[in-house]
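Annotated features in TrEMBL:
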{"type": "TRANSMEM", "residues": "71-92", "note": "transmembrane segment"}
{"type": "TRANSMEM", "residues": "104-129", "note": "transmembrane segment"}
{"type": "TRANSMEM", "residues": "149-169", "note": "transmembrane segment"}
{"type": "TRANSMEM", "residues": "190-209", "note": "transmembrane segment"}
{"type": "TRANSMEM", "residues": "245-263", "note": "transmembrane segment"}
{"type": "TRANSMEM", "residues": "283-307", "note": "transmembrane segment"}
{"type": "TRANSMEM", "residues": "313-336", "note": "transmembrane segment"}
């Protein structure tokens, strides 16, 4: 096809050829949504005709799956002591004024720890977002866990961040806004509410995985053609999208209700009001910082997928950023809250031993 070759030469676009002869990668590559860019009723000639896709493959290190595995494994080595430090600071250095937020802080922290360790060690995902395909390079695959279970564990682990953040803000809402926060009925309602939230996250991916296309045919099509995003791709993983939207709505509600209460406190003293406002700002900053750092590249991948444009270097960068969410959250937690910041500095002797060690006076400034 001279015209196609001329088009590629003109636009300096290279066809992405996957290692079809590699039994290791080919046997474990899973196409979640299949390749709907080819009509299943088409003849054999149409099936063999490759589609012209926008795809950049530079054959550089950052695009290689071995490089991604190396980076994620070393990130785990860095994150383990960081998360251990964060857990120690929250459990043993939380001042009295911050005790009400300690449970939600610990839940979010340990959820982030599990998220990072799961993706960096157990799963190690190499994802072709535009094709809805990918494979695992982690320990789970090496010990014989099949790909559907690995996909379920990896995606559900990311979903579990949503109820942890919801609880983070709902806990403040329950303490500051609800007058019945200590009643038995309210406690039962909260248990039921979060049980439903977590059950929803645990079952959200099951319908998608129960409808995985024939892997042999799907992998053959994906490896033979450019991975592309069909028009209906956004409607295919409906459960995953609705879960994320469901979590976002809850976070927005509790955030808004708590913010209105905190910034309109009239019954409390001025000092108490200022402390609550500052604590709420710090909590928001702790959650927002890692999200903002990650949302830009993720949005970029969504845009590329919408125009069926594949750049595996960008895909790998996004995978790396997704695996450092917990580390960024821990760093934010240890820096935006003054008691935790002082405790960390004192632990590493960055402050004079004669400096005041009290974390109770002006601890939120």
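All residue numbers here begin at 1 and follow the chain in the order shown.
Placed from the backbone N, Cα and C atoms, the Cβ positions cover glycine too.
In TrEMBL, annotation is done automatically, which means it is predicted and not curated.
The stretches the transmembrane segment (104-129) and the transmembrane segment (313-336) are in mutual contact, each linked to the other by at least three Cβ pairs under 8 Å (pairs 6 or more apart in sequence). Counted over residue pairs separated by six or more positions, the transmembrane segment (71-92) shares fewer than 3 Cβ pairs under 8 angstroms with the transmembrane segment (283-307), which leaves the two as not touching. Using a Cβ-Cβ cut-off under 8 Å and counting only residues 6 or more beyond its ends in the same chain, the transmembrane segment (283-307) has close neighbours at 54, 101, 108, 129-130, 165, 168-169, 172, 229, 233, 255, 314-315, 317-318, 321-322, 324-325, 328-329, 332-333, 336-337.
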